[in-house]
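J.: Quick one: the structure is below, questions incoming.
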Amino acid sequence: MTPLIFVTGGVVSSLGKGIAAASLASILEARGLKVTMVKLDPYINVDPGTMSPFQHGEVYVTDDGAETDLDLGHYERFVRTRLSRNNSVTTGRIYQNVICKERRGDYLGATVQVIPHITDEIRRCIDEATASFDVALVEIGGTVGDIESLPFLEAIRQVRIERGAERTMFMHLTLVPYIAAAGELKTKPTQHSVKELRSIGIQPDVLLCRSEQVIPDSERRKIALFTNVSERAVIGCPDIDVLYGMPLELRRQGLDEIVIDQFKLSGTASLADLSEWEDVVDAIKHPLDEVTIAVVGKYVDYQDAYKSVGEALKHGGLRQRTKVNLKWVEAQDLEGSDMGALKDIDGILVPGGFGDRGFEGKVLASRYAREQRVPYFGICYGMQAAVVDYARHVAGLEGANSTENDRQSPHPVIALITEWRTTTGEVERRDEKSDLGGTMRLGLQEQRLKAGTLVRELYGRDVVGERHRHRYEFNNRYRTQLEDAGLVIAAKSMDDTLVEMIELPREMHPWFLACQAHPEFLSTPRDGHPLFIGFVKAARARKAGGKLLREVCV
């Protein structure tokens, strides 16, 4: 059985369980172990696909088309394992599975209850996601004490009883607040959080103590004494300047050794080589250049809605030792034709979104970038905005629009995808009356790049795969008309039915590119992504007056 590390949180939410778990996973991976991660979310939605970005942040998409929590994005940025729908489990999905089994008669007339049926289904999902790995980390969403989390906590308690301490570890992330008026760190919240956890039968093996500053040894000893945790296993997690430095911090405190010792993996695990993370941190701390990118979006008041976009831009910068400053611009604010927010920036990125609010602002941002020759990168809705702008103002298609926003448009250059082929070869069909949840073109889709284009140059190969999440697409009825007006169809689906990327000829614009997919989901700090690296390079060139000041790379 795969050794499991269960990660819980206490005192308050948003302490960074996902980052801490992913950082530990990256160290174990660096020691030669095959690692995976799972997120257990206590909300009743089947998945986050229909949840408001203002409440939940971005919806992260995996290769197999699962719409998941943004924590899976953190996981994939820290470890090289590609995750799937099995790695994201919600209360809604658990209950849906159990109810389907009950309707089929799988329980043979039994009264279906939280224990054992719900907890058994949770355990089954954990086993399914973690089989065949050397180690798996399982994060339980929410905070200990929340009523929604109780079935998950009961399930992992049962796992510990069944597998024992050599195959399970409980890691609890808690807060050690600093009270400025008293000039002291307070350990009482941590003690109470562990007490709450122990009341439901779970004794932590490791405590990760979040704090604003380094926790003195005397306080660590106190925490260990009153929580029944070894002093060695009380790990301080102070605020750090660089998020991607967390693996180095946890390694410095020997957290991976605690895991190796408890699971008796010393014969399997090699010494950790964290040189890649050292390079990443060094590039972030010591940039040689700096650019400012305007992100024109609909949900900029809650930047977690664009978490992967922001991270991918930073990755693109650190691969060339460039600090990327993000200027968040509300798309609606541009609809009065005041482009002041886009002045003195080095590049414009228009990310994805849904609905008509702010769409005209995105179209205007595309037009501004095109006419002012500012590097432009459109993603999903950002590509659709660029197509609408080009159709209206270059191709002369007055009233061009997306049918998502105007079903009576005389020139619907963007329209609902009614049929497409999945990666398994099955044909999917949709119409305007289809459910919203799980009905989009989702997951990794291959596309063929056109020879001689900017995207072909950036990727360096003819066929690439990118993750998608969209319901509307470039209308093929206008393909020839827009190409005749100068628009370049830079990539198409493998069956030639869907337009995947567009760009402008380089004699018309130095760097204008847009894609229907979401390349931000495949960007990592150690590797970056060709499109984001190219975009930041173009922004550097604009800042330098058309010529790069210095070629640098990590």
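The backbone N, Cα and C atoms fix where each Cβ goes, glycine too.
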J.: Quick check on the annotation: Swiss-Prot has Gly353, Tyr381, Gly382, Met383, Gln384, Glu404 binding L-glutamine, so which of Arg461, Arg467, Arg469, Arg471 does it put in that site too?
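T.: The record-listed residue among the candidates is Arg471.
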J.: Which of these, Asp69, Asp71, Asp106, does Swiss-Prot list as part of the ATP site with Ser14, Leu15, Gly16, Lys17, Gly18, Ile19?
T.: Asp71
J.: Where Swiss-Prot shows Ser13, Asp146, Ile147, Glu148, Lys186, Thr187, Lys188, Pro189, Thr190, Gln191 binding CTP, which of Lys101, Lys222, Lys264 is named for the same site?
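T.: Checking Lys101, Lys222, Lys264 against Swiss-Prot: the CTP site match is Lys222.
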J.: How big is the Cα-to-Cα gap, in Å, between Asp71 (ATP binding site) and Ser13 (CTP binding site)?
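T.: That comes out at 14 Å between the alpha carbons.
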J.: Highest CB neighbour count within 10 A among the recorded positions Asp71, Glu520?
T.: Glu520
J.: Note the Cβ centroid of Ser14, Leu15, Gly16, Lys17, Gly18, Ile19, Asp71, the recorded ATP site, then list each other residue of that chain whose Cβ lies within 8 Å of it, in sequence.
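T.: Neighbours within 8 Å of the Cβ centroid, excluding Ser14, Leu15, Gly16, Lys17, Gly18, Ile19, Asp71: Gly9, Ala20, Ala21, His74, Glu139, Leu173.
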J.: Quick check: which same-chain residues outside Gly353, Tyr381, Gly382, Met383, Gln384, Glu404, Arg471 lie with their CB within 8 A of the centre of the L-glutamine site CB atoms?
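T.: After dropping the recorded site residues, what remains is Gly352, Phe354, Phe359, Cys380, Ala385, Ser402, Ile414, His470, Tyr472.
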J.: Tell me, if you would, which residue among Lys188, Lys222, Arg471 (binding-site residues) has the fewest other CB atoms within 10 Å in the structure shown?
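T.: The binding-site residues Lys188, Lys222, Arg471 were compared, and Lys188 has the fewest Cβ atoms within 10 Å.
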J.: His518 (active site): which of the recorded positions Gly18, Ile19, Cys380, Glu404 have a C-alpha within 10 angstroms of it?
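T.: Matched recorded positions: Cys380, sequence order.
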J.: Express the distance between the Cα positions of Thr187 (UTP binding site) and Arg471 (L-glutamine binding site) as a whole number of Å.
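T.: About 50 Å separates the two Cα atoms.
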